[in-house]
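To keep things clear, I will list the structure first and then write my remarks on it.
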């Protein structure tokens, strides 16, 4: 059975889209996305370094870096080839990394999640005005996400390894041998897409103040993931055919392209949050008045 709020959205999808975009503009969504992208740029390298250094005790570092290179292309199209070799050089000398440097890297790794939580508070202002999160929870939450990224990388590494091993096998069906090698690329893509939806859904579940329905979080996660897939393919095509960014920025090209990719990703992440926020407002309004939101 479809809820009244869902029925209204399905009956007037154009009005809902306009409402979301209007709310996103009112919340200065692009400005928030720029802030999140800037701090994500500061966080991404130390975060990945910490994850690889920690997990290298259980998994071969080369395997970890290979997995990172594969899935970094999802976040930074065309730039993983410039980032992964730098990570590899640092990992080679991980034995000389001191505790102070590790603590500094941990702090910078958490900055993106700290700023993302504050951006979510703006998007979900109707919640924040009713209930505030304890400052200790806000302080610990970014570090829990740093830990979750490491666990996610470990899981993805094992899963991708299992999929690649599966590709070396064949199955017999109807008296014919079918090689599974051709399905490896599709399975790796679907694994990455599934992981992307799970990550985004978890962010929508945890980052906003208060309790959020998992259905709403999944709705925002799927919306943001599909929009990012479309955007990512456009970026790959643009940087591969039309872009002259290297002519303009020279040695700064990698940093500029990564920052642009992160800002677009952050914008879509916050846009997904705005979708959830506006849907909640419709539900709350209909629950209070029984009349559709104008």
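Cβ coordinates come from backbone N, Cα and C, glycine included.
On a predicted model such as this, the values are computed, not experimentally measured, just so you know.
Annotated transmembrane segment per TrEMBL: 29-55 (among others), in sequence order.
Sequence annotations record features per position, and here TrEMBL assigns transmembrane segment to 96-116 (among others).
Per TrEMBL, the feature transmembrane segment maps to 136-163 (among others). Sequence-distant contacts of the transmembrane segment (136-163), counting only residues of its own chain at least 6 positions beyond either end whose CB sits under 8 Å from a CB of the stretch, comprise 47, 50-52, 54-55, 58-59, 63-64, 67-68, 70-71, 106, 109-114, 117, 184, 187-188, 191-192, 195, 199, 202, 206-207.
Feature annotation from TrEMBL assigns transmembrane segment to 183-206 (among others). Within its own chain, the transmembrane segment (183-206) is flanked in space by residues 70-71, 74, 116, 141, 145, 148, 152, 156, 159-160, 163-164, 166-167, 212, 214, 216-218, 220-222, 224-225, 228-229, 269, 272-273, 276, which lie at least six positions past its ends and keep a Cβ under 8 Å from the stretch.
Positions annotated as transmembrane segment by TrEMBL: 218-240 (among others). Residues 74, 77-78, 193, 196-201, 203-204, 257, 261, 264-265, 268-269, 271-273, 275-276, 279 of the same chain lie 6 or more positions beyond the ends of the transmembrane segment (218-240) yet place their CB under 8 Å from a CB of it.
Outside the transmembrane segment (246-271) by six or more residues, the chain places 20, 24, 29-30, 32-34, 36-38, 40-41, 44, 75-79, 82-83, 116, 119-120, 123, 200, 203, 223-224, 227-228, 231, 235, 239 with a CB less than 8 A from a CB of the stretch. The transmembrane segment annotation in TrEMBL covers 246-271 (among others).
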